[in-house]
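Q: Shown below is the structure under consideration.
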Amino acid sequence: MAQQVRTFSENSKCNLLHQVNFPLSVALVLAFFYYCYLNPRNQMLGSISPGTSKAVSKIYGQQSRKLSRMVYRQPQVLTPARKDVLVVTPWLAPIIWEGTFNTDILNEQFSLQNATVGLTVFLTEQETFYLNVFLQSAEMYFMVGHRVIYYIFTDKPEYVPYLNIQKGRQIIILEVESYYDHWQDISMQRMEMISNFSQQRFHQEVDYLVCADVHMRFSDHVGVEILSSLFGTLHLRYYRLNRTDFPYERRPQSQAHIPEDEGDFYYAGALFGGSVPEVYKLTKACHEAMMVDQANHIEAIWHDESHLNKYLLYHKPSKVLSPEYMCNNTLKKIWDHQGVDFSSNIKRIRLVTTE
């Protein structure tokens, strides 16, 4: 079972203040007020838990480090990195394609945050093979050189394979009771579990969460370029289409309903994430909407993915990942047969579905 977050009661804080002299008491009160109410990171985490945030303590407790000298090609204002694809959304969120970022610069800047990344995945009894492929490929390509915690949700912890992992990484098995039988219902539980553990545990251990489907294999570099307060991933099947052709939930009775004249992109439910507070908000909202639908005896057309798209429509992501991060070899073969030039836009395949 998951470890519960330890918090300090208000009474213990008051008793501590009475044991020190008056000037020091005033100083402590002012410091406490700033830390809990004025600190912007604490304001963001306030809706999750009254406990102290690991991320905040790291930021204000870390020592300054000297940046190494870097030599790289100067960015050219009049020469865009890509002319064939959209690289920024109308709300100024970057869309991450090959050629639009410099990995070395990003890694150097990310190291200043002293951050840890959590990667969540769900395992059922039938998916042991997929998890092994997922973890082995993640060790090769995911956040190389950075601290990572793999969170594996399962009701069968004995099915989690043993794996030698890199220094600075760990695997945490979160044993949860599975009370659903079908994959559609498991997707509902995923939103619920990520929401609950974000509130109870994740905010103390990691700074960012990447929520992935177990039926995937990392095939190339996937690093800090994907991280932001909230990100979604363009679905390979629909990124070329108009919004009227997106498989949004169109029935007004559902909480996932999106009208015909609305929509930016169609996001894949198999890869999303962001900061722990933002992922908490997203998963909590999606789970609550799914429960309303369940009470009204309706199920969105693509289940949690439909609710994810509704959320990201009205809560715009601060970064969007291109289909490089969600490729499908079966679809690629179909497009090749139809004469669709798959490689015209997708220069590098970073994540591949294994179903």
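Just so you know, glycine gets a Cβ as well, placed from its N, Cα and C.
Note that TrEMBL annotation is computational and uncurated.
Because the structure is a prediction, the values reported are computed rather than measured.
Annotations for this protein, taken from TrEMBL, read as follows:
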- E305: active site, nucleophile (ACT_SITE)
- D213: Mn(2+) binding site (BINDING)
- 20-38: transmembrane segment (TRANSMEM)
Q: Rank the recorded positions D213, E305 by how many other Cβ atoms lie within 10 Å of each Cβ and give me the one with the fewest.
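A: Sparsest of the recorded positions D213, E305 by Cβ contacts within 10 Å: D213.
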Q: Would you kindly give the Cα-Cα distance separating D213 (Mn(2+) binding site) and E305 (active site, nucleophile), rounded to the nearest Å?
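A: Here the two Cα atoms lie 12 Å apart.
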